[in-house]
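J.: I'd like to ask you about the structure that follows.
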Amino acid sequence: MTKKIIAKKIIALVGRPNVGKSTLFNRLSMRKKAIVHDLPGVTRDRKYTDGRIGSFEFSLIDTPGLEENPDSFGKRLMEQTTKAINEADLICFMVDSRSGILPDDKLLSDFVRKYNKPAVLVINKCEKAFDFDKEYYKLGFDSMVAISAEHGTGMIDLYDEIIAKLPEEDSAEAEIHDPIKGDCLQIVVSGRPNAGKSTFINALINDERLLTGPEAGITRESIEIDWQYKGNHIKLIDTAGLRKKATITESLEKLSASDAINSIKFANTVILMIDALSPLKQQDLNIASHVANEGRSIVIVVNKWDLIKESEKEAFKEEFYYQINTTLPQVKGVPALFISAKNKQNIADVLDSCIKIYKTWNKKITTSKLNEWLNFTTEAHPLPLQKGGKRVRVKYMTQTKTRPPTFKLFSNNPEKITDSYTRYLVNNMREAFDMPGVPIRFNYIKTKNPYV
């Protein structure tokens, strides 16, 4: 008889560094959501996804590798894993068959078993036939399975062991976890290292969900967090700090940077986090320009505002706005907020701005209003006459898409329309239709009517 598992269960992958937790995480989620690298300790935060083996669906947590590390950083990693263990219905405790059982494995298995959670010992990197040596039984788990996360072998055995460990439920009593319906606003938090991105997200959700500290570059992977704000389904995505390309030499940092850039590509809104103590470097402008080129909406947030002297704040803002508006014309009018993530000062305003600019990013303007505006704007400032006395005209336009707002404009000679005239039209449109801070795209089409 098939066992009845009604509620969606939570499974945590736990073990010392480099035993293959992130590889199994990617395997079970059927997507490459975790960075995998030979360097131990790549994962530093709890990472969540939906997992599946056959028809069995569950929530999956990847955790930092645990070591007997007494320093402050190691303790913060341990806190992340402890929270995952507390959340989980079942623990997959992972070890590496190639290295065998190490002292850390024994210490950590004792730590995990203290929580009295259902657990399966997962012996990874078993590419060949495997005999369970008595040393594995010394870890104290009564259920174990040999797998190769990299090659996908042993997944059916893993399924059997997991199902056997989970209690059977009555459908009337089981809690059913339905996905949140409606649009999900995906907000990526990006910026240079140590700008306070993770601290900001922790402050928003009121939970030490992400590892933070004074060390630059703690976050290595994009971490997704589902959240509700004022009835809106929000997916917050923390990303690794982005340094200049020329300063990135290690392969792991290249993977982290690529992961962060990829997150921007699929975002609805990007929060560009800037350190008030190191304001507006060229790299900040490069990130903002990349966001605009990808067609994403953007909100600029200056963090650590509490560390700026009151007497200097007005001059700081004046200079900041000047630089933004002169160097980022493609998102002119972008909202900028000044916060202290550490003190939770003005952090709710950031989400309100994200929701507002998201609506602008989705704005649809009727064709009649567009052409009324176009006629007025081009008559007020027409294009210059060409040779032969013929004037270039833009006679008609329509909106072809949103996200970002994109428009098709029909002209008798589109190749003669200058970039400066396009900027004039775009800036005028921003003011006329209240569209600050979002990329606006114009595509010119040559009209087939010779009399236009």
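The backbone N, Cα and C atoms fix where each Cβ goes, and this holds for glycine too.
Annotations per Swiss-Prot:
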BINDING   15-22, 62-66, 124-127  GTP 1 binding site
BINDING   191-198, 238-242, 303-306  GTP 2 binding site
DOMAIN    9-170  domain 'EngA-type G 1'
DOMAIN    185-362  domain 'EngA-type G 2'
DOMAIN    363-448  domain 'KH-like'
J.: Sort the binding-site residues Gly15, Asn18, Cys126 by C-alpha distance from Thr239 (GTP 2 binding site) and give me just the closest.
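T.: If we rank Gly15, Asn18, Cys126 by Cα distance to Thr239 (GTP 2 binding site), first place goes to Asn18.
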J.: CA-CA, which of the binding-site residues Gly15, Asn18, Lys21, Thr63, Cys126 lies nearest Lys197 (GTP 2 binding site)?
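T.: The smallest Cα gap between Lys197 (GTP 2 binding site) and any of the binding-site residues is with Thr63.
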J.: Along the domain 'KH-like' (363-448), what average pLDDT does this model show?
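T.: Over the domain 'KH-like' (363-448), the predicted model scores a mean pLDDT of 90.
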J.: From the binding-site residues Gly191, Asn194, Trp305, pick the residue whose C-alpha lies nearest to the C-alpha of Thr63 (GTP 1 binding site).
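T.: Its closest listed neighbour, by Cα, is Asn194.
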J.: Within 10 Å of the Cβ of Gly15 (GTP 1 binding site), how many other Cβ atoms can be counted across all chains shown?
T.: 27
J.: Would you identify the secondary structure of Trp305 (GTP 2 binding site) according to DSSP, in three states?
T.: helix
J.: In terms of DSSP three-state secondary structure, what is the assignment for Lys197 (GTP 2 binding site)?
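T.: Lys197 (GTP 2 binding site) sits in a helix per DSSP.
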J.: Indicate whether Gly15 (GTP 1 binding site) is helix, strand or coil by DSSP.
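T.: The residue in question, Gly15 (GTP 1 binding site), is coil (DSSP, three-state).
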J.: C-alpha of Asn18 (GTP 1 binding site) to C-alpha of Asn194 (GTP 2 binding site): distance in Å?
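T.: Given the Cα positions, Asn18 (GTP 1 binding site) is 26 Å from Asn194 (GTP 2 binding site).
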J.: Out of Gly15, Lys21, Cys126, point to the one nearest Gly191 (GTP 2 binding site) in space (Cα versus Cα); all of them are binding-site residues in the record.
T.: Lys21
J.: Could you tell me how many residues in the domain 'KH-like' (363-448) are helical, how many are strand and how many are coil under DSSP?
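T.: The counts are 31 helix, 22 strand, 33 coil.
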J.: Tell me, how many other CB atoms lie within 10 A of the CB of Lys197 (GTP 2 binding site), whichever protein chain they belong to?
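T.: The Cβ of Lys197 (GTP 2 binding site) has 29 Cβ neighbours within 10 Å.
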J.: What is the interatomic distance between the Cα atoms of Gly15 (GTP 1 binding site) and Asn194 (GTP 2 binding site), given in whole Å?
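T.: Gly15 (GTP 1 binding site) to Asn194 (GTP 2 binding site), Cα-Cα distance: 28 Å.
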J.: Can you count the other CB atoms that lie within 10 A of the CB of Asn18 (GTP 1 binding site)?
T.: 18
J.: Measuring Cα to Cα, how many angstrom lie between Cys126 (GTP 1 binding site) and Trp305 (GTP 2 binding site)?
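T.: Answer for this pair: 52 Å between alpha carbons.
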